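Enquirer: Below: one structure in structure tokens.
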Amino acid sequence: MRWLTGALLLAGAGSGVTARANVVSACSGVSLPKSVLTQTIGDVITPVLAPVESTLSILTFGSVDLGINAALSNAASGAPINLNVLDINGNAVDLLSDPSCETTSDSFSLLTPRGISFGGNKITGLGTPGLEASAGELDAIAIGNLASTATGAYEAVAIGAGASATHMRSVALGAGSVANGLSLNLPAYLVGGTASAEVNIGGRRLTGLAAGANPTDGVNVAQLQAVNDALGTLAGNAVQYDGSARSMVTLQGATGTGITNLSAGAVNATSTDAVNGSQLQATNDLVAQNSAAIVQLGYDLAILNDLAVKYQDGTKSSILLGGAGGTAITNLAAGTTSSDAVNLSQLSSSGSGSGSGGGGAAQDALPYDPAIQAYNAARGGVDQKIGGVAAGELSAASAEAVNGAQLYATNVQLAYNVTAIADLQEARAGYLQVNNSSGHAKPVASGADTLAAGAGAVASGSGSLALGTQAQAIAPGSVALGYASVADRANTVSVGSAGAERQITHVADGIAPTDAVNLRQLQGGMGQAVDAANAYTDVRFNLFDSGLRNLRRDAEGGIAASMAMAGIPQFSEAGGGTLGLGVSTWQGEHAVAMGISKVSDNGRFIMRASATYNSRNQGGANAGMGIAF
């Protein structure tokens, strides 16, 4: 196949027109069927023909008839108009007699208004029969072997071997790319509504992409990297689980990490909530109050132990009054039975009676025993009881004897106090209670300024806190909260141990930069970053799609301009000249061209010049000269 080369050069009348590749076959030319010519006559030729003929009539001082009415009438009746092109010498190519024209070879075809198709047998050298590109709609484009756009895929574009665009306004760029619209309605890729088209570039990189500025612009790697860096910063500052089991969170502040604005956790046997400082302070206050009460109780017991009248030993067979010079029992009521103690009045009466009556009442009197410096009720070496002793006064100044009932009440109170003290020591009573059914050792606060609470709890790091059964705060400034929690890093709060981690629940939204964030805040930040990236990508794609449509229409306008200039007749006889007009339409774009040609008297020199203007507001001109050999 031969192509028309070196004959046309488009010069931009506006911003400049770039030279295009050859698009018209010099052998097969261009064939326009009735459907195309009907639109051409209505949209282009009718409004252009009258003013052109009028202008030519003025220039030639006579009536000018371009002589194309008959051809137009034939075309309107169904006969196609065949437009041939010129060879390098300016002569029309004879398709029948020129043996170099391979009319059966691949060619450019526009026989039906079905869009543009390039590929297979439509452009020479691109492949064997059966690889044709297919555009399913008038305004669709398919370029490349087996490239295709589906029926109903209006304004779709498929560029590249095997590229396929089956959704309206979709674009498939690159070999094997498929834009089928299957992923259009996924919410993760949409911003502001339902998408209507997509672009598929077949898993290829899109390079040289500027940073997007609008919500629907595409984003480049640099912008995504910035988002990734922001997520990395968020991950570095966020509180995260120590492992996949999600049973432990370690706060990683270099000098300790405070958890602020923590609501009061439930304090009961089944609670797993974290407690805040005010709750712990209340516990500390109660512990301090109990400690003071225990100390006071110890003082009271010591005083009671010194002042109380008590049995000599466990046999409870004797009572020793411990006064240094003897102890008087005052306000002693008169005994009524043989086992009751007698007071001085009874003793005196008994002595008087014994002395006057001469009877044996003196032997029942309570005699004073100088050996023990006390009254001795023993008879015959056998201790005797003193009964009927009235309740003596219990005061710091009292010297009265107490009876068994008073001593029993004291013993009952003493037993209760001993039990209460033991309960306090073992944390079984009060507002801080401990159930040490497993028999763990008492808590140990061995570090400086530490607190250990709970059976087996150990606070060995300076300034540490171990709260919970077997909790261990080992590192300085560390806090171990909960059963078997281990805080072995300085200035950290641990709520578990390796392999036994715990969650921190009901964490309020963080406000200050050093506050903990909850899962809701973390997910919200990530969602905003992804939404921003998607919005930027959509904006950049829309701009790219708009530019591609404008480029396509400019190309169609350029093709229409070339066709219009190619349609200007050329006079070839010696000494002759022509002033011609050409019009064309292509894919909805129109163009008109006017040209003049002149052949020298000897027929060896041919000159030609023409100008064109299309519906895209683009103009162009060309000029050429030839020498016949």
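Any Cβ shown, glycine's included, is placed from N, Cα and C.
Okay, so TrEMBL annotates it like this:
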DOMAIN    155-177  domain 'Trimeric autotransporter adhesin YadA-like head'
DOMAIN    205-240  domain 'Trimeric autotransporter adhesin YadA-like stalk'
DOMAIN    259-291  domain 'Trimeric autotransporter adhesin YadA-like stalk'
DOMAIN    329-363  domain 'Trimeric autotransporter adhesin YadA-like stalk'
DOMAIN    385-423  domain 'Trimeric autotransporter adhesin YadA-like stalk'
DOMAIN    445-471  domain 'Trimeric autotransporter adhesin YadA-like head'
DOMAIN    474-497  domain 'Trimeric autotransporter adhesin YadA-like head'
DOMAIN    503-541  domain 'Trimeric autotransporter adhesin YadA-like stalk'
DOMAIN    569-629  domain 'Trimeric autotransporter adhesin YadA-like C-terminal membrane anchor'
Enquirer: Let me know the model's mean pLDDT on the domain 'Trimeric autotransporter adhesin YadA-like head' (155-177).
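Expert: Looking only at the domain 'Trimeric autotransporter adhesin YadA-like head' (155-177), pLDDT averages out to 87.
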Enquirer: Kindly say whether the domain 'Trimeric autotransporter adhesin YadA-like stalk' (503-541) and the domain 'Trimeric autotransporter adhesin YadA-like stalk' (259-291) touch, using the definition of 3 or more Cβ pairs under 8 Å where each pair is 6 or more positions apart.
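Expert: Result for the domain 'Trimeric autotransporter adhesin YadA-like stalk' (503-541) with the domain 'Trimeric autotransporter adhesin YadA-like stalk' (259-291) is yes.
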Enquirer: Looking at the domain 'Trimeric autotransporter adhesin YadA-like stalk' (259-291) and the domain 'Trimeric autotransporter adhesin YadA-like C-terminal membrane anchor' (569-629), are there 3+ C-beta pairs under 8 A, with each pair at least 6 apart in sequence?
Expert: no
Enquirer: Mind checking which residues reach the domain 'Trimeric autotransporter adhesin YadA-like head' (445-471)? Cβ under 8 Å, same chain, six or more beyond either end.
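Expert: For the domain 'Trimeric autotransporter adhesin YadA-like head' (445-471), the nonlocal Cβ contacts are 280, 283-284, 287, 432, 434, 436, 438, 477-487, 490.
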